Amino acid sequence: MSYCRQEGKDKIIFVTKEDHETPSSAELIADDPNDPYEDHGLILPNGDINWNCPCLGGMASGPCGEQFKSAFSCFHYSQEEIKGSDCLDQFRAMQECMQKYPDIYPQEDDEDEAEKEKQNKEAEAFSTETSDTKEESSS
């Protein structure tokens, strides 16, 4: 016996083996690529950049959003043989802006150095413990 149960926002449908083996009669409606309310990826069907795409991680709306949009647009629309090679000024402006907000835009080098420093301290502590243990066992 098939039945349906609502749990909060979820609808749970239990079906029998026979129901599951019967071909579905559900009609799928094709997405309208021109629907302005439909979710799209980074590039919209018309070729424009979707600044609301979650894939940008909020970069387009942060304190350096305008610089990011300028650099990203330049790169996206670049016709140079080496794509984006004509966008150096925009990327420099974006980088300079991001350096003003290190809490929002941490530098990868800073993170890498901090992680390496932490690992070195842990390794030193471990080697000190190991040598102390060896000295105790040899006594």
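Cβ coordinates are placed from backbone N, Cα and C, and glycine is handled just like the others.
Not measured: the values here are computed from a predicted model.
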Cysteine of Cys64, Cys74 paired with Cys87 via disulfide, per Swiss-Prot:
Cys74
Pick from Cys53, Cys97: the cysteine that Swiss-Prot pairs with Cys64 in a disulfide bond.
Cys97
If you count the C-beta atoms lying within 10 Å of each candidate's C-beta, which of the disulfide-bonded residues Cys53, Cys55, Cys64, Cys74, Cys87 ends up with the smallest number?
Cys55
Six or more residues beyond either end and a Cβ under 8 Å away: which residues meet both conditions relative to the motif 'Cx9C motif 2' (87-97)?
63-64, 67-68, 70-71, 74-75, 78
DSSP secondary structure for Cys87 (disulfide bond), reduced to helix/strand/coil, please.
coil
